[in-house]
Amino acid sequence: MTNSTNCNNSLKWSYNVRLIQVIIYATIFPFGAIFNVLALWVFCCKLKKWTETRVYMINLVIADCSVVCTLPFTIYFIWNEWHRDTLCFTIQSIYLINMSMSIYIITVISIDRYIAIKYPLKAKSLRSPWKAALICGLLWVSTITGLNIKQERSEPLCFQKLSTEPSTSVLFFLIFIFLIPLTILSFCSMHVIRSLKKRMLTNPQENKLIEKAIYIVFANMIVFIVCFSPVQIGMLARFVMEKNGVNCLAIQKIRTFISVTACIANSNCCMDAICYYFVAKEFQEASSFCKPKSHHSKTNQTHTS
């Protein structure tokens, strides 16, 4: 029991680790707030037509804004080693729910994009703003319900895991909030890129636009992998270490790695607003060139007449 207590105490973040986290979060907060408020203004006020992309983007921005709003509390909790209470549980719930929703909506956007590019004729019946709103509503309900059930409640400090007991919730997060979305995102992105490259051969006059769309999709996928992979790998490594009874020093090192990579994951709330603004803009144009030639020519005739 004494060894376990000593180990738990040694797993508290050091002053330097807490300082690094506070500096990074204090940098992310103003940029995240500015980018997401601007994105919300653009998608809510500047766009005239309601599209499925607009619905998804507004939900994504709301999720990212909510994550950004938790950062000042996170800074305070980390710096003061705040003990778990009602306020901590509320902030932690808001953070987890909205971070997960951000990942899910990114995944749904990739599916929506895949349908629009790969199956342009079926897209009209499969895609619509009200269907997008329904999907987002179902995601919000299922995410709030699922994460409230799976959230850890036994840890003494807010936003910290001090016990060396392996937590099954790590596997839940790894599978349902990282691996499944990553697989779907990668599959959809690669197929979209392949379809757009084929279209470049048949539509050489639109090569620049399609090429730009390809770069954006690829960059979007890379941003997701870079932001979320390190922290998930760290969490899995810690789970394996705890399962096999590895010593405290090794767990402390991986815990420091997780705390730094979690900051990288949180920076995604800034990047989403930039990446998906360009995705929404470019893909409205690029997808029009992925429609069958007969349909595309009819559209052109309509515009000219």
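The backbone N, Cα and C atoms fix where each Cβ goes, glycine too.
TrEMBL does not curate its annotations; it predicts them automatically.
The transmembrane segment annotation in TrEMBL covers 20-43 (among others). The list of residues near the transmembrane segment (20-43) in space but at least 6 beyond its ends in sequence, with Cβ under 8 angstroms from a Cβ of it, reads 13, 54, 57-58, 61-62, 64-65, 67-68, 71-72, 74-75, 78-79, 259-260, 262-263, 266-267, 269-270, 272-274, 276-277, 280.
Residues annotated as domain 'G-protein coupled receptors family 1 profile' in TrEMBL: 35-276. Here the domain 'G-protein coupled receptors family 1 profile' (35-276) has a mean pLDDT of 88 out of 100.
According to TrEMBL, the transmembrane segment annotation covers 55-79 (among others).
Per TrEMBL, the feature transmembrane segment maps to 91-111 (among others).
Residues or ranges marked as transmembrane segment by TrEMBL: 132-149 (among others).
Below 8 angstroms of C-beta separation, residues 100, 103-104, 106-107, 110-111, 113-114, 117-118, 146, 150-152, 214, 217-218, 220-221, 224-225, 228-229, 232, 235-236, 238-239 of the same chain, each at least six residues beyond the ends of the transmembrane segment (169-193), sit close to that stretch. The transmembrane segment annotation in TrEMBL covers 169-193 (among others).
What TrEMBL records for 214-237 (among others) is transmembrane segment. If you look at the transmembrane segment (214-237), the same-chain residues 6 or more away from its ends with a CB under 8 A from one of its CBs are 103, 106, 110, 113, 170, 173-174, 178, 182, 185-186, 189, 192-193, 196-197, 254, 257-258, 261-262, 264-265, 267-268, 271, 275-276, 278-279, 282-283.
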Can you work out which residues elsewhere in the same chain, 6+ from the ends of the transmembrane segment (91-111), have a Cβ less than 8 Å from its Cβ atoms? 53, 56-57, 59-60, 62-64, 66-67, 69-70, 73-74, 77, 135-136, 139-140, 143-144, 147-148, 151, 158-159, 177-178, 181, 184-185, 188-189, 192, 220, 224, 228, 265-266, 268-269, 272, 276, 279
